[in-house]
Amino acid sequence: MDSCNCIEPQWPPDDLLMKYQYISDFFIALAYFSIPLELIYFVKKSAVFPYRWVLVQFGAFIVLCGATHLINLWTFTMHTRTVAMVMTTAKVFTAVVSCATALMLVHIIPDLLSVKTRELFLKNKAAELDREMGLIRTQEETGRHVRMLTHEIRSTLDRHTILKTTLVELGRTLALEECALWMPTRTGLELQLSYTLRQQNPVGYTVPIHLPVINQVFSSSHAVKISPKCPVARIRPAGKYMPGEVVAVRVPLLHLSNFQINDWPELSTKRYALMVLMLPSDSARQWHVHELELVEVVADQVAVALSHAAILEESMRARDLLMEQNVALDLARREAETAIRARNDFLAVMNHEMRTPMHAIIALSSLLQETELTPEQRLMVETILKSSNLLSTLINDVLDLSRLEDGSLQLDLGTFNLFAVFREVLNLIKPIASVKKLHVSLNLAPDLPEYAIGDEKRLMQTILNVVGNAVKFSKEGSISITAFVAKSELLRDSRTPEFFPVPSDNHFYLRVQVKDSGVGISPQDIPKLFTKFAQTQSTATRNSGGSGLGLAICKRFVNLMEGHIWIESEGLGKGCTAIFMVKLGIPERSNEPKLPFMPKVPTNHGPTAFPGLKVLVMDENGVSRMVTKGLLVRLGCDVTMVSSSEECLRVVSHEHKVVFMDVCVPGMDGYEVAIRINEKFTKRHERPVIVALTGNTDKVTKENCMRVGMDGIILKPVSLDKMRSVLSDLLEHRVLFEAI
């Protein structure tokens with residue numbers, strides 16, 4: 001038994017098997033610990049793996065398995081050889097597979113992560129692009145519908161067409177069952193059903209504007225979903241159906257109560273229309289966001305179109321009204337021009353016709369005054385002359401006022417002697433003032449220029465009117481006339497803010513002050529003084545006579561001369577001061593002053609009679625012809641009278657020194673006669689002095705007389721003193737044009 005010949009297998013030694021197991025457990029534990037780390041890395045990096053908790057659980061299991069093998073390193077015990085061989089083989093294979101798996105995961109996980117991440121990224125991007133494309137398609141579709149609706153709405157400016165087109169296009173675009181528009185009534189307290197899409201309800205139905213649902217819609221700028229059962233949504237016929245969703249949106253309206261042609265009206269924030277839109281009944285369809293946005297945009301576009309239509313309507317209405325007003329104004333202007341022409345023609349005719357009899361009255365009265373009269377008769381003749389002169393002045397004033405009002409009167413500018421004008425006024429006023437024992441003084445400032453450029457006649461007429469008023473309304477005391485150049489500090493007066501003088505080097509402002517010690521003027525009556533035909537209410541004023549035209553004409557003359565006139569008085573019984581300023585030009589040194597115009601009441605100068613002076617008188621009016629002859633005969637003239645142009649041309653000869661003719665005669669007028677006389681007498685010393693004796697006071701008459709070569713023009717009426725002065729000036733200067 002001791003000597004056994006059996007052959008034992010060649011197994012590794014026991015210590016070598018234990019070493020193999022020890023090494024295998026170490027690598028198994030290392031692999032088991034590395035695999036969970038790799039799985040944790042994969043789970044963390046992968047965003048698409050759906051079962052992360054399973055990987056976590058599997059990792060925990062492997063870690064625990066690895067921990068057991070790690071613990072075995074310290075718990076090795078001896079086993080039987082067979083068991084040791086099996087365990088060693090199993091652990092070696094386990095270590096090889098575990099390490100190979102761990103190494104393979106290190107290589108595979110990055111590729112796996114890249115594949116899954118790219119796939120998920122592409123999938124997410126595709127989904128996002130699908131959403132964006134859907135949104136873009138929705139926006140494009142909404143934009144296309146908005147453009148289409150806007151084009152349809154803006155294609156007209158008729159309010160009814162705009163609203164009806166809006167409902168039709170919205171109904172077609174959104175597949176609506178019904179669409180309606182509620183407009184505010186004139187009172188603003190109700191909404192009236194004005195337009196519907198299907199026309200299933202009668203237009204004109206009203207609801208109160210203060211309903212809560214209406215206030216809710218009006219207070220929001222967005223489309224608001226409302227109940228299908230509210231009053232503004234019950235516009236479909238009753239039936240057994242499930243109503244679709246309903247939205248309402250406000251439409252701002254333009255408030256045109258303050259519409260102006262040259263300005264934009266204000267947009268009222270309290271005035272809206274209400275648009276109601278209904279989806280089809282018995283359908284599950286709901287309003288989408290892009291559809292609500294479309295409704296809101298269309299509502300805004302409707303508001304803009306309605307505002308344009310309202311502005312157009314008001315503009316056309318204002319234009320029509322303006323055209324009517326222009327037509328009426330044009331008609332009124334033509335009627336006014338016709339009336340002015342008729343008035344001027346009437347005044348011209350009346351002026352001429354009245355001057356002819358006035359010529360007879362004044363001339364015959366002045367002739368009668370030269371005869372032997374009793375004191376009572378002389379008083380009567382003087383009264384006739386005084387009344388006639390007053391009437392003649394009134395005729396002149398009315399004519400001047402008429403010309404001033406229609407703008408036909410223009411200034412006759414020329415160089416004149418300013419000192420001579422004031423001296424002439426003084427000479428004319430002194431005789432009248434001496435009768436009332438009034439002292440009249442004239443004070444001309446040293447710096448006042450002797451010559452000036454302006455209308456001499458109108459300036460003298462203004463001064464005479466103002467001084468004449470002072471004499472008229474003064475019973476005693478004195479009257480002072482002061483004239484000086486207005487300094488720059490005196491040009492502007494706080495009492496005359498409307499007067500804006502502009503100083504310059506080629507003109508100056510003449511300031512004239514006429515102060516009297518007369519009856520004075522009540523302060524409340526001062527504004528009335530420059531109104532035509534107006535007189536103050538004081539007894540003294542009414543007893544002084546006058547037409548009430550003097551100061552009215554003066555004011556217009558002064559305005560024409562770019563000046564200003566006003567009256568100052570402290571009250572009744574305290575006298576008054578009349579002040580006016582006029583603009584006059586400064587003449588150049590080389591300018592020669594023109595001859596002074598013929599004053600209304602010339603002073604006596606030169607010879608008092610003209611014995612043997614041959615004078616020819618042509619006048620178709622027998623009375624006027626006889627009166628003129630009487631004046632000339634009284635002055636010692638040898639007078640020949642003719643009544644027609646032909647007779648005048650036949651009779652006139654070189655022996656006649658003066659020819660008085662009326663230019664308004666039938667047949668050949670006085671202008672043609674003057675031309676023929678000038679042609680007949682080629683030598684100037686042989687030709688008689690040709691003077692127009694007329695009642696026409698228009699400037700055309702004077703221009704025509706000068707054009708045909710006449711030597712002068714004298715206005716009727718003519719008194720004996722005036723005729724004496726006329727003949728004296730004609731014989732001395734051979735020219736005399738009385739200012740018109």
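Placement of Cβ uses the backbone N, Cα and C atoms for every residue, glycine included.
Range 53-72 is the one annotated as transmembrane segment, of 53-72, 413-432 (source: TrEMBL). Long-range C-beta contacts of K716 (ubiquitin cross-link), restricted to its own chain and to partners at least six residues apart, with a cutoff below 8 Å, comprise R355, T356, M358, H359, S624, L693, T694, G695.
Residue environment of V471 (ADP binding site) contains 20 other Cβ atoms, counted within 10 Å of its Cβ in all protein chains. Across the domain 'Response regulatory' (614-731), DSSP classifies residues as 52 helix, 24 strand, 42 coil. Distance between Cα atoms for D516 (ADP binding site) and C65 (Cu cation binding site): 141 Å, as a whole number. A Cα-Cα distance of 134 Å separates L551 (ADP binding site) from C65 (Cu cation binding site).
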